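Asker: Relevant sequence annotations retrieved from TrEMBL are reproduced here:
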DOMAIN    41-290  domain 'G-protein coupled receptors family 1 profile'
TRANSMEM  26-47  transmembrane segment
TRANSMEM  59-78  transmembrane segment
TRANSMEM  98-120  transmembrane segment
TRANSMEM  140-158  transmembrane segment
TRANSMEM  196-216  transmembrane segment
TRANSMEM  237-260  transmembrane segment
TRANSMEM  272-292  transmembrane segment
Amino acid sequence: MNPRNDTEISEFLLLGFSEERALQPLIFGLFLSMYLTTVFGNLLIILAVSSDSHLHTPMYFFLSNLSFVDICLTSTTIPKMLWNIQTQSKVITYEVCITQMYFFVLFAVLDSFLLTVMAYDRFVAICHPLHYTVIISPRLCALLVLVSWVMSALHSLLESSMVLRLSFCTDWHIPHFFCELNQMVQLPCSDTFPNNMVMCFAAVLLGVGSLTGILYSYSKIVSSIYGISSSQGRYKALSTCASHVSVVSLFYCTSLGVYMSSAATHSSHSNAKASVMYTVVTPMLNPFIYSLRNKDIKRALKMFLGRATLKGHEVLSLKKCP
């Protein structure tokens, strides 16, 4: 794949959220705090799941993968934005821009796939509890995650390759804080009809397909829950799905909200601000959603932090010894 198109363009300008210099320190501090919270929160989920043998189950295996993808998703965009603010530069090279776009699409689509896989896991756990361990085997878990990665990588490669064929003439300004695919396709002076067709087809096939799978799974789950005779059993079944439903609602509602607002308004800065909800806020809130309502995660986090604190005290004690 040729990393450059046939134009002389070597860089783009990321316009970000505001041109006012006085707001740049505030934006820097806000996004730095959100980024650190996202990385720290999701990393704690991964460490808690990996360190507690009671959490070595399919549900938490998928959750740790989701946390890893959320870290990667925010790391694709935020560090570059923070660096540009710190250096008071808006420049991003052509190669870095294409690379950033590729990995952002990869991890965003992978997020959607993993949420769909997690919905299927809850469907089997509630609707077919006696056959759960047989159906959701370790081999199937690994296969589902692998297929999600491969499909996301191929889709992102297709979208990036379609952008590489475009010619950029004079408009090198991207009204966003990162190289977002939809914004990139609006810049070229060449024909972007094939790009728009691929984007629409991918949105229907991947986005709508994933959401349909999630809604179908939960329609079956709700039907099964209503068939449970005891109220305690219904509550227990609902509690296992509450966190996932919250994360799915947050991810899809914010994503759909951004694209609906972009279709309704021509304000690029408004679209950039709205996209913060699913690019930054959603990955930041996911660890809190899963940990606040999940007793197993809370217990694992307390045990992990307790062991880490104990090891820290032991190291300090050894250093003090003559």
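Note: Cβ is positioned from N, Cα and C throughout, glycine not excepted.
TrEMBL does not curate its annotations; it predicts them automatically.
Remember, it's a predicted structure, so these values are computed and weren't measured experimentally.
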Asker: Counting only pairs 6 or more apart in sequence, are there at least 3 Cβ pairs under 8 Å between the transmembrane segment (98-120) and the transmembrane segment (26-47)?
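Answerer: No, the transmembrane segment (98-120) and the transmembrane segment (26-47) are not in contact.
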Asker: By a Cβ-Cβ criterion of under 8 Å, what residues six or more beyond either terminus of the transmembrane segment (59-78) are in contact with it?
Answerer: 31, 34-35, 38-39, 42-43, 45-46, 49-50, 100, 103-104, 107-108, 110-111, 114-115, 117-118, 121-122, 125, 141, 145, 177-178, 240, 247, 279-280, 282-284, 286-287, 290, 296
Asker: Should anything in the same chain at least six residues away from the transmembrane segment (196-216) have a Cβ under 8 Å from its Cβ atoms, list it; otherwise answer none.
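Answerer: Sequence-remote neighbours of the transmembrane segment (196-216) are 109, 112-113, 115-116, 119-120, 155, 158-159, 162, 181-182, 185, 248, 252, 255.
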Asker: Counting only residues 6+ away from its ends, which parts of the chain sit with a Cβ under 8 Å from the transmembrane segment (237-260)?
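Answerer: For the transmembrane segment (237-260), the list is 59, 66, 111-112, 115, 118-119, 122, 125-126, 182, 207, 211, 214, 218, 221, 224-225, 228, 271, 274-275, 277-278, 281-282, 285-286, 289-290, 293-294.
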Asker: Within the domain 'G-protein coupled receptors family 1 profile' (41-290) only, compute the mean pLDDT.
Answerer: 89
